[in-house]
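Note sheet for the following structure.
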Amino acid sequence: MALSLYHVPLAGYFALIASLAVKVAPAFAPKRLNRPAVAFLVIAFVSLGFTWSYMFAYFRLSFNESALRHGTLPALYSTHDWLADVSLFHEAWHYVCDGTRRWWWSQQLCLWTTGPLTLLFMADGNKYGVKHLWAYMLLGQVVAISFAQSLWAAAVVVAASSYTRATADASTPVRPRPRQSQITVGVMVAIVIATTSVVFVPRTLTSTMPLFLPNLVLMHAVLVIPFVPAIAKRDWVVSPRLSRFYLNGAFISLRFRAPLLMELLGKDQPFSLEGVRDRLPQLLVRQWDTLNEHPAQASISWDVVFASVSALAYLAWSSRARAAGVHEGEQVAWPILALMALATPLVGISTSVSVGLAIREGKREAREDAVAKLDKARREQAVRELQGLGKKDE
């Protein structure tokens with residue numbers, strides 16, 4: 001098979017994936033792995049197997065359909081002619097965004113990635129000292145969010161456990177990094193832009209102007225930019241109350257998930273909790289059918305499934321594990337975590353996990369506020385005692 005210029009983008013795509021894999025691989029040296037890290041790696045590679053088996057099936061379907069359009073048998077058709085005839089990225093995304101039932105799947109992943117996950121990558125990544133955050137974000141854009149997210153979670157577990165082992169002689173648990181969670185202004189700007197682009201996806205499908213692909217590229221590219229080391233070093237660093245950010249993310253996600261959910265449940269039906277309870281099983285069955293109707297749809301839908309599993313698992317680990325630096329009294333209760341998991345099929349990963357992360361951060365912030373007030377009271381007491389001693393000397 002002779003290679004041509006039409007093969008360059010696809011070859012470069014796989015070369016980029018390979019280079020990113022090489023970049024992050026040192027974080028997972030066998031001697032550094034523990035059970036939680038291995039569990040996240042298992043999720044990563046199972047999700048990779050599911051999403052990319054369907055992606056290759058999509059490539060094969062696209063090849064056969066292109067041959068059919070040109071009146072040629074697939075066995076006699078060349079990859080040169082196929083790649084010259086199609087736009088794989090555009091066609092796959094157009095399919096999974098077109099129609100309410102398909103957008104129900106894709107919107108979940110887009111809202112999660114452009115909001116809470118981006119914030120989580122930078123905040124927890126910086127707190128635990130994960131290297132090459134940009135590589136994980138880029139892997140998510142070019143491979144699968146669930147794959148990159150699970151690799152990142154494994155890297156966090158490894159980094160946190162390494163720090164915990166180094167301080168094993170301490171009598172009390174310590175945080176994996178002796179500093180606050182930090183994010184940058186650039187990340188906040190990127191989240192706003194990318195989330196806005198998600199909101200406009202359905203409109204770009206029906207626009208008279210060719211806005212769908214530019215909007216999609218913007219959504220993907222803008223999330224990577226603030227993670228680029230040269231840019232991140234020059235960005236403004238802030239240490240906000242992350243509980244508010246995650247809670248705002250949950251509200252924004254629910255704002256755009258709710259109308260879609262109501263439409264799928266039956267927009268002509270009166271709203272009631274009983275109606276939602278009765279119609280939700282039928283909705284989930286229909287969405288399962290949607291998952292299986294096309295390889296591209298199956299790929300992104302399984303990405304949603306495994307991203308949900310990975311995110312819920314990370315929420316549980318980061319809000320309860322001693323190795324994560326969780327102090328006594330900060331742990332999120334199991335019933336709350338179970339409620340987040342049960343709510344995910346209804347409200348989506350971006351809403352349920354964001355609420356869980358807001359609770360996690362709220363507990364941490366409450367403890368840190370209490371410690372700060374206690375330290376302030378002790379300092380004031382010490383000052384008063386010194387002043388009292390001075391008066392006695394007089």
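Counting begins at 1 with the first residue displayed.
Glycine is no exception: its Cβ is also placed from the backbone N, Cα and C atoms.
Automatic, uncurated: that is what TrEMBL annotation is.
Lifted from TrEMBL, the feature list:
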- 6-25: transmembrane segment (TRANSMEM)
- 37-59: transmembrane segment (TRANSMEM)
- 133-160: transmembrane segment (TRANSMEM)
- 181-200: transmembrane segment (TRANSMEM)
- 212-232: transmembrane segment (TRANSMEM)
- 300-317: transmembrane segment (TRANSMEM)
- 337-359: transmembrane segment (TRANSMEM)
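The largest share of C-beta pairs under 8 angstroms with the transmembrane segment (6-25) comes from 133-160, of the ranges 37-59, 133-160, 337-359.
Each of 37-59, 133-160, 181-200, 212-232, 300-317 was scored by its Cβ pairs under 8 Å to the transmembrane segment (337-359), and the highest score goes to 300-317. Away from its own ends, the transmembrane segment (37-59) comes close to residues 28, 88, 92, 143-144, 146-147, 150-151, 153-154, 157-158, 161, 294-296, 298-300, 302-303, 306-307, 309-310, 313-314 of its chain (Cβ-Cβ under 8 Å, at least six residues beyond either end). Below 8 angstroms of C-beta separation, residues 90, 93-94, 97, 110, 113-114, 118, 121-122, 133-134, 137-138, 141, 184, 186-187, 189-191, 193-194, 197-198, 200-201, 204-205 of the same chain, each at least six residues beyond the ends of the transmembrane segment (212-232), sit close to that stretch.
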